[in-house]
Amino acid sequence: MCPASYILEVISFVTALISLMTGTSVLIIYDPCYAHKDLLESFKKSRLRLVLCLLLMAFPSLALVVSTSALMLAMFIAGVTSDKLLVKILTGATCAIFIVLAIAAIYVFNTPLQKAVRGDNKDTTDVEKGPSVIAHGSVSR
């Protein structure tokens, strides 16, 4: 294996561990906050305090993203630099699947993102008033 993959695996482990520790501390620290109204009100007094609180609450998820990305990159580097042909083929197939999934995600989320940018943010969950089924299958208008 390439030395870079070892370094990325260590980075992955460390960020996962940091994510676990931060997530636990967020639970321990902010659980009593909801019992005390004064603590919740203090977040409204300073924007910096609110932003730092939100960053602290989001940090475990962000650290897990970094951890997963580093581990995936380490596995890809190990697969590409492998001496085994089957491992290289499987790594190439996995890369191709990720590219197809990225293209599919762009295709699926392109229209809602364009609507959000243009400001055509009508709620698409509203259905025109039509017959509705109520209890026992009766239809009302």
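From the backbone N, Cα and C atoms, a Cβ is placed for every residue, glycine too.
Just so you know, TrEMBL annotations are computer predictions that nobody has curated.
Residues annotated as compositional bias 'Basic and acidic residues' in TrEMBL: 118-129.
What TrEMBL records for 118-141 is region 'Disordered'.
The transmembrane segment annotation in TrEMBL covers 6-30 (among others). Residues 53, 56-57, 59-61, 63-64, 66-68, 70-71, 73-74, 77 of the same chain, all 6+ positions outside the transmembrane segment (6-30), place their C-beta atoms under 8 angstroms from a C-beta of that stretch.
The transmembrane segment annotation in TrEMBL covers 50-77 (among others).
Per TrEMBL, the feature transmembrane segment maps to 89-109 (among others). Remote same-chain residues near the transmembrane segment (89-109) are listed as 76, 79-80, 82 (criterion: CB distance under 8 Å, separation of at least six residues from the stretch ends).
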#### Entry: Long-range neighbours of the transmembrane segment (50-77), counting only residues six or more past its ends (CB under 8 A)
1-2, 4-6, 8-9, 11-13, 15-16, 18-20, 22-23, 26, 30, 43-44, 91, 94-95
